[in-house]
Every structure is written in C-alpha cells, then in structure tokens.
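Worksheet: the structure to be examined is printed underneath.
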C-alpha cells in the first residue's frame, strides 16, 4: 500500500474540508465541448456541488467556452479568476493559456509555464483537488486525445474519490481509454448517464447536498465516524477478505479501511454496512474489488527528487564503498507497488557505478501484497504519463520503446527480483544493506508498525539503513534504529542487545469458527443436508489449518520454492549472493544435507520420505526436528513436492551448559546420532555408486557408437564447413540489407500516408505538375473549389485548364524560372474570370520537388482563394478614409466649442476676481475702520471713566472690547485666506529652516511663556511661495502652542524627507514629505477631514481662542503648491500633520 503525500488528517465523506461541499472536476480535449454540454444539460441546477471544467484551449485566442456552456444549463457558468472562492451550483471554466488548481479552498489561476514538456492541465487540477479535498472529489474524463487526466484520476481514486469516464460515445477516445486502462475508473458511461449518476449521488446521505452537514439523513446511514471497530459487520467484512485473499486487514488503521468500505457503499447506493455485507456474500467479485481498493498502489519514478539525489550522492556510494569486490549490495524495497521505486534505485546505482568505475554485484528485492502490481513490475512496461518524472537522458539510456510506451531496459530489470510478500506474516529477506519502506507504516496500527520495524531490524546487516516516508518515523522503536538523516527520514540500524528474532503479532479480530458459522446461517438459501455438512467441514478445516499448519514449502523439480506455508523463518532464509529461491541455498546448513537426500529419494521413489532427529541451534536452544518430503499427486504443469518441517523436542539449552555438562549420556547421544548419520550417508553413497557404475557402462557403449559415427561424419563435416561459412556470411549480409530495406519501406509508407493526409485535409487547393507543366495529381480541395473532375484535369497542360484561366504571361515566366533552376516563388496573385466559379482573386505559391528514384522534377503549386480577403481589405480602406474624415470634422467642432467655453470661463473668472478684490478693499478699509473707532472709544472710557462705572458696566465694556478684538482677528484671517487664494504666485527656491527661524522669533513670547520646545531637523530646500509657507508654519506652530495639555510644556517636532515616485502618494512624482507633530490635546480621528474646513472648530470660544480658519488657510497653501496634507491624531496624545510637496 502506497501513497504520495503525508497522512496527517483523517477524512471521510462526512468530514469535509474548508469548502464543505463535493467538487466535480471535469476534463476534456478534442470533442469535449459536445460531451460536456450534454452532461450539463442533464444535471439539475441544485446538486449542491461545485463543477470545475478544464479543456485544452488554444493559448492564442480568446475563449467563449463559458458563454457556450451557459446556454446548456441554468447553473451560473463563469470563467474562473485567481483567488476566487467556489460556490455550490456554479460552473467554473479554465481560461485559455492558464493552469487551474485549488489552494486553501480558493481557485488559483497561473500562467501556463513555457516548457518543452507537454502541458497537462487536467492532471494538475485533479491532483490538487485530491490533495486538498480528498474523497470529496468526483473526477470525470470526457472525449479527448492523448492521456491527460489519467494521473489525476489515480490521485482522486487513491484518496477515495469517485471517477467517471466517457464510453464509446466519445469522438476521441484516447483520454477516457487511458484512464480506463490504468484501472482508475469506477463508471464508464455516456455523458447523459454520468449526469444521472452525479444527480443520484448528490441525494445520497453520504454526500453533502446542501453545503451543510448531513443533517436529517445522518441517522439513516452509517458513517466512518459512527462505525465502531467492534462492529460485527465490519468484523465479517475483514474475515471475508482474510478468507478469500489471505490478508488480515485487522492490523491496518481502521479509519482508512472504513473510508474505503464507505466508498464502495456509495457506488452501490447502499446506506448501511449490513447491506454491504450481504452484497459481498452474494458477489465474490465485489470482495476482489474491495481488496484492490484497500491496496493503495500509488508510486512514481524518482518521486522524491531531493531524497533520490541524497541517495545518489551520499548514502548509496557509502554502502558501495563498504563492500568487497565480490560481495553483493542487497536492497529490499517494501510495498513496491508497480515497481517504479525499485527501478529508480536500480537506475541510480547504475549511474553511480558508471561514474565511480565500480562493479559491485547488486541485488534488489522488491515486494508487495498486490499480485497484479507485482506482475506489472516484472514486465517493467510503463506509459509515457507514468514516465513524466524521468529525464530524457535517463529515458534514452535505461528504457526501450514499446507499443504501449517504454519498457525498462533488461540490464535494469535483471537487478530486481519482484515477489508477492506480506511483511507482517511472511519471512523477511536476510543480510540486507538498505531497506526502503515509504508510506506503508502510515496505514498500519501501532502493533503492526512495531512488528514491521522489528522485521526490518532483523533483516538488516549491522551497518544497514532504513528509509521511511516523509510522514513516518520508527516511533517507539528507538532501541532498534537511530536517526541518521532527519530530513530524508533515513535511520541507521542499532546493534540491539536482545536476541535476533521476529515478534509475534496478535490479530485484532480472532478467527472463530462461530463467525464463519454465522455466515452460513445468515444466508437464506435452501441447501441439502449434504451441502450443509460440507460447508461446516470446510469452515472447521479452515480454522484448524490456520492454527495448526506446520511450516512448509512447495518446490518444483528444479528445487525452486513455489509457495510458503506457515512460519518458515526458523528453517529458511535468503542466501548471500545472487537472488535465488532454490530450497538448498535458502535452507539452514544443518538441514541441507538431510534435505537433499530426502528430496532425491522422494523424486525417485515417488513416495513420501521422512528424516527425523535432525538437531539444529534455534536461538541458543538445541532442538530436534523432522523433515518430510511428499510428492503431490495433482494435475499440474510440472511435478511438485511438499516439504514439511516439524519441531519434535528441545534437546538442551546451550546457555545453560556447565563446564561439567559433557556427561557420558550426552556423548553417547551425540555419538549415536553421528553413527546414524554416517550409516545413512554410507547407504546413500552405495546407492549412488551402483547407479554411477550402471550409468558408466551404458555411457561407454553409447560412446563407442558415437565415436564410430563421428569418424564417418568428420569427412562430410569438413566438406560442408567451407560452404556453411560462405552461406552464413552471405545470409548475414542479406539479413542486414533486408532489415534496412524494411525499415526504409516503413518510413516511406509513413511519409506517404502523412503527406497524403495533409494534402487531403488542408483547405487550400493543391496540384502537382511535371516538368512539362502537365497536371499529375490534385487534392480534393482543388476539384471542389474549381468544380472540375479528375479525368478533366490529370494529364492536361496547366495553361489549357478551364477557359485557359492559368495562361498568364507572368505566371508562365515564374514557372519557367522554377524549372530552369529557381526552386520556388511566393504570394503570386491572379485575378481572373474563372469558367466555373466566376471572378476570383487567387494567391499562388510554388516549389520544386525532385524525386530521386525516378529522377523526375515536379512542381507543387498551392492555390488559395483570397477574394473575400481582398474585398474586406477594400472595405477596410474605405472605412479608414471615412473615419479620418469624420474624425477631422468632429475635432474641428470640438475645438470651436471648447474655445468658446474657455473664453466664457475666463471672462467669468475675471469678473469674480474683480468682485473679490472689491470685497478685500471693503474688508481692509470700510469694515475695519468702525471697529478701530469702537475699540479706541471703549479704551478711553475704561481709562477715564472707570471710577464712575459700576462693576457690571466695566464688565460690559471689557466684553465689548474682547468681541471687537475677535471681530478684527476674524476679518484679518479672512483677508489672509482671500490673499492666499488670489495673490500672484511667485515661486522661489527657499530654505525652510530660515522660514521656521522667522516664525520662532514671531512666537518668542508665547514659546517662553509656555516653556515650549520647537525641535527642527534639517529640512529640504524647496521651490515655494515664501510668504505663504511663513503663514503655514505660523498657523501650525501657533495651534500646537495653543492646544497644549495644561501643566505639560509643548514639544513640537518638524522634519522632512525626500520620497521617490514609487513611494509617493502623488502619482509619478518625487515629493518632499514634511511632518509637524506635537504632544498637545489631540482630537478624535474622525474629525481629520472636518478640521480643514473654514470656520470649523472642535472647541467652544471660551475654551480656546480662534476663528476656525487657520487650518483651512494651511490646506489652501498646500493646494497652491499642488501638494497633499493629512492629519492623524488620538485624543490626549497629540497630533501629526503630514505634507507632501512635489519636488521641482
């Protein structure tokens, strides 16, 4: 069982990702528009699913695919955009020249990379959906060429999603057939029936049809979360699998098992586990399909690029260096699936050996549970899709072209031995240097993981290494392995102090005969009593065999092991050197002699042979065993023998021996044993001697006859030898020549068919002329365009065709130049009244072709009808002329209108300026004069008549005086605002530091009174209106001093910096950024715009003096300089004013 990504979160149909709705991903290519239109047309608009559609589109043309599909469905159809969230009951279509995948629940659209590799957008989308949405994805492959989508469907199937492919209704069947051939398709249907199935699925309790969790249907169906590990139906399913497939899945993670079972239930529209058990009992093939679903055979060549690079540069060279020249490097690839990983390691080793000039023997053992996967691995043939990660250099060196793709070269295949093997039950390989076990442990429970890791420890040499998948560790088995490289999950074997033995593994579910009995009781099928007894006997036999079967193997006459039974690791283990399943090479040395003798006797006598009392050392314990060799009398393709190993008794424990333990009884027993072995050996030797003497006599007689015949044949042989050599030489030359001719003939036929197909397919007319300018042949388009028949054309002179329409002097000249030496001409236009099709404009291109076989000169002439193009060009030219005329007329009218408007606007502005000047004069003279008199008279009364006034009267006069002062200040501010708006703007290069110094002098008394600090950092030199900036700083500093916090000295900071256009708030301009900040009372940020308006005050007149015009004047000054001002503040924490002025 394999998988390509980390297994960190458990998923099932009720545990949806960020977007809690199923996603239907549809892929198509040529012929796909018709198919997807049919599919969408038959889908209801309220499935609660998202539909993503990927089609191979031309990168050079704008797509109207979404608008075409929108006509076939009432769902919303739109072209997908980057970072768009998906919504149920919507169809999202890939844009042209883009790739689409899903990241964090969002659609991601990226440009198609410019790479020589074939673009596979369907695989990209399907794979990303499988990774993010797991089993909540439905993959659909419709009509299309090539194999795009197959790898993506594998990813969806691996994660438990459902898959569909179009049946024979596909116009182009390559894409669906590729997915079907890969064995990753659940349904093969027409688009209409695919739509019906998806509609049914949307209503199933396991599918979230409304974007919410299951809700009211939850109680009607089992779910992965609800199925307990002790569920009787689940137990029955696992026992059925064990009985039929020989694999105990009870040691695998139950969540994974239950997800796969639920997936099968979904396909059959079954809502309860009990119903599915009934189906399994009635359909044996469903048990096989479920078994294949549980074996997640997913792998690829050089899957983890960085890991393989580390193996190539560091680990594998280290292992090779540690070996003697005749000592093999032994590697075990566990859960190898279809063999890609094993072959990748083999190729890497060959590359290392070729660069290091070493020739260490290499043995790679690759094992997996799946017999089908192992069969494919042995053949070593893979499609071009499966070889995507193989570089062109490796493909050329280590693979050979085959009808269905490429096959791994024999030199690589010979390094690898593939075998079906259960790592939890079967004996492991021994004396291994490196084990690769990627993404198997993540599917096993803790006990099975520990068993597997202990097995690997047992199989490895003392200096061996273990490599795991990225999501795997050795867990609690740190006493067996230490981390060697954390990044690539490589572990070094520790020299464990315990005995080197394999741990036992207790199944989660006991195999009880009662359960098997229940299986028969539940089937409501009437059977005879004889059949019932047979079923009961079979059940009992199955349980007894599983519990009490002795260790045994089945071998053929060549002594190769065909099958293992029971636990054989105490008697058999792989031998060092070239990989072999020969029983004598794998058997323990103490057994080998007796076993050889027993096998020999059993083959000759065709009777069972038993050897008893063989003593062997088993984990420091001397045990006596027996061997029985039984010839099996069955109809088989070759004779086979069953070898049974039976332990008899413990003779003695070696570790308990004392120095005085060599008693006479032990010696006598040992001597007796040796005497028995010697007697047996002598008897065997006598038999062999007699057989050898008889054989020698027969051989001598035959040899004398051969010598006689040989003398007679010698003379004939010498005569024939010379003739034979001559014939062989001629035959080799003839064979080579014939192969070359055959290859050339095939290439010639391919080229001819290719050129014929091109000529028949293109829209342009095409004719072939001989050197006399007679027509040899023409394509279909020529006959159709000019409405003539082949018999009218072929053999005729070009100039005599039709009404001599090609008899044009310039054309004659062009063709004669081609014949005489010029090889081609381009874009020759002919305008003519043709006999059958009327007036046309034709574009001619010609080139000369030389047929070397017949030494014939031919001319290929292509003719394109450009009549309509010419008409369109003329129309376009006329439209351009009309457009220029219209543009000129419109431009003149627009200029006149704008000129008139501009004159009127200038007149109005001049009038307004005069009125404003009049107001300014009125304000500065007529309004201020009365105020001065009121202020003067009030002051005199207070000075001279103060003693005659009551306290209330004096208060009224003081208040009158203050009001007059405020009125005078207000008028002065209005005059300033008006002056700033209307005054001439004379810009000068000015040092801002000097202006600040002048303002500081003006405010000297207030600054000293409040103990204020004005901190000025070096400021820019700017081209400005100086008096306006004096007013700007005057107002801002004055405000900072006025709105200070009582009891805290004001602190004002003024600084500047130059910002480039890239960081400027003013578009495409470099700016000077001025900052004026204080520590005053501040204001609430939502007043940041309001404070720049005229007469806007945030405080009453009794709290703070002022007219509310100061900041309006500041903003007006900044705008006069084409700048920008902003304010930021927080109540009680001061205010900051940021001014941005363009740098001239």
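Cβ from N, Cα, C; glycine included.
Curation plays no part in TrEMBL annotations; they are all automatic predictions.
Model, not experiment: these values are computed from the prediction.
TrEMBL annotations:
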- 17-198: domain 'CheB-type methylesterase' (DOMAIN)
- 29: active site (ACT_SITE)
- 56: active site (ACT_SITE)
- 148: active site (ACT_SITE)
- 222-497: domain 'CheR-type methyltransferase' (DOMAIN)
- 664-751: coiled coil (COILED)
- 869-896: coiled coil (COILED)
- 922-1144: domain 'Histidine kinase' (DOMAIN)
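Nonlocal intrachain contacts for the coiled coil (869-896), taken as residues 6+ away from its ends with a CB within less than 8 angstroms of a stretch CB, comprise 841. On the 0 to 100 pLDDT scale, the model's mean across the coiled coil (869-896) is 79.
Of the recorded residues, residue 29 (active site) and residue 56 (active site) place their C-alpha atoms 5 Å from one another. Sequence-distant contacts of residue 56 (active site), defined as residues of its own chain at least six apart whose C-beta falls under 8 angstroms from its C-beta, comprise 28, 29, 30, 119, 121, 144, 148. Of the listed active-site residues, namely 29, 148, the sparsest CB environment within 10 A is found at 29.
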